[in-house]
Amino acid sequence: MNSFSPTEDTIAAIATAVSPGQGSIAAIRISGSSAIETSKNIVDVPGIQDWSTHKVLYGHVTEENRKKYIDEVLILVMKGPRSFTGEDVVEIHCHGGIIPVQKILERILAFPSVRRAEPGEFSQRAVLNGRLSLTQAESISELVSARSRKAAELAINGIEGNIQTTIQSIRKRLIEQLTEIEARIDFEEDLPLLDEKHVKNEIVAIKKDLNELIDNAKRGSWVRSGLKVALAGKPNVGKSSLMNRLSKQEKAIVTDLPGTTRDILESEIVLEGIPVTFIDTAGLRDTKDIIEKIGISRTKKTLIHADLIILIFDYSSGWTNEDESILKQLPVNIPLLIVGNKSDLMNDQSFEKVPKYILKKENLVILSAKTGNGEDDLINYLLKKCGSSQTHGLDIALNERQLDLAKSTTESLENINKVFDEKLPWDFWTIDLRQAINYLGELTGEDLTENLLDNIFSKFCIGK
């Protein structure tokens, strides 16, 4: 880790989610040299209670005149370096709700020595003070925002240091190869010949390990961000019924009137650890209704950003020119699944009303949103699309920042292979090798500037 100037000011922020009328407990976190003294100045603690480290005290936060209580609280005292940030930390736990927690924070921030914390600043101080690695801090943020158990599991693995250990091991192997090469450049006459074949083989092996991490990151992205599935089709083909069936909730209004859905509705389920968000869109058709037109416009924007589009048609009535027109309007770069709904209403003529080129499609599922018949086929398709079976055994998954740096590292290693092939001098070998080492150092936080750290932690939530 680079050496940055120590933090001198004291910071404070609400450390828990706060909503009106929700949550029985809230916490305010204070970190810095004046954290304990500030807390003593706003809290009345009855009896003889010890403010020594790792103690819990009971008391009341008072108004500035010390005559009125703001709230009844518990005070957790953690003196540095044995705290989350490595500094003196005090957490004040009060009753939940907006008013008490805001009044206590305002009371704390009234002291000149304390300022409001920036997003992620507590975690940033923990990294700067050596309490956490950068990847551990990022994993804490991932845990807070986890939308499934698998995502939380991956985040915990990162907090335990799995990402840091893995990347550091790869970086160490690269440093060993760089050391061998540079030693031959500086002291060629005093050392045995460089085993060029061994160096090349080791670079290939390292690149293979990195590519596995990159593949894992792609699989992990489904676990983290989930799959966005847009339900498209003409009005009254059962889009809303299908979403209600899949989500097990009455999210959308279901009627026999075409054009009932005029806005974008969403519902989320978790399939084997992967969040899947279904987006029920307004039916695509020509209409003079102004409100419905707005809904259709939003539908087209939603389709562009979906991971998968499910085009639904009425299987009992057959494939129509309107269905064909909608198919041609869909983005060609988004994966498509065609679903024939209302199979419970089909008759002998239904099959003949669907073109053979539609029936032959591998991405075709026939079902009934009303009865649930065929629902398993749709779920299995989604699981296959997510690659959920591949998430079993997935221990670590890089986030977007880490993934970009891992890709840059492999590009540098690929450049080294070109240098090998062109039989260039050893000096050329070291250029990309050193760059690859720097990329991995940036990934783990061992080779970072303060500006880069500020940028990374600005994406964290306040209070973390």
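Cβ atoms here come from the backbone N, Cα and C positions, even for glycine.
Worth saying up front: this structure is predicted, and the values here are computed from it rather than measured.
As annotated by Swiss-Prot, (6S)-5-formyl-5,6,7,8-tetrahydrofolate binding site applies to Arg29, Glu91, Arg131, Lys464, with the evidence given as sequence analysis. Counting only residues at least six positions away in the same chain, the Cβ atoms of Ala15, Ala27, Ile28, Arg29, Ile30, Ile75, Leu76, Met78 sit under 8 Å from the Cβ of Glu91 ((6S)-5-formyl-5,6,7,8-tetrahydrofolate binding site).
What Swiss-Prot records for 226-387 is domain 'TrmE-type G'. For the domain 'TrmE-type G' (226-387), the model's pLDDT averages out at 77.
Annotation comment: Swiss-Prot describes Asn236, Thr255, Leu257, Thr260 as K(+) binding site. DSSP assigns Asn236 (K(+) binding site) to coil in the three-state reduction, placing it in neither a helix nor a strand.
Under the heading GTP binding site, Swiss-Prot lists 236-241, 255-261, 280-283, citing sequence analysis as support. Counting every protein chain shown, 23 other Cβ atoms lie within 10 Å of the Cβ of Ser240 (Mg(2+) binding site).
The Mg(2+) binding site annotation in Swiss-Prot covers Ser240, Thr261.
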How far is it from Ser240 (Mg(2+) binding site) to Arg131 ((6S)-5-formyl-5,6,7,8-tetrahydrofolate binding site), counting Cα to Cα, in Å?
50
Ten-angstrom check, please: count other Cβ atoms within 10 Å of the Cβ of Lys239 (GTP binding site), all chains counted.
31
Using other CB atoms within 10 angstroms as the count, which residue among the binding-site residues Arg29, Arg131 scores least?
Arg131
Can you grab the distance from Asn236 (K(+) binding site) over to Arg131 ((6S)-5-formyl-5,6,7,8-tetrahydrofolate binding site)? Cα atoms, rounded to a whole Å.
57
Give me the count of other Cβ atoms within 10 A of the Cβ belonging to Asn236 (K(+) binding site).
19
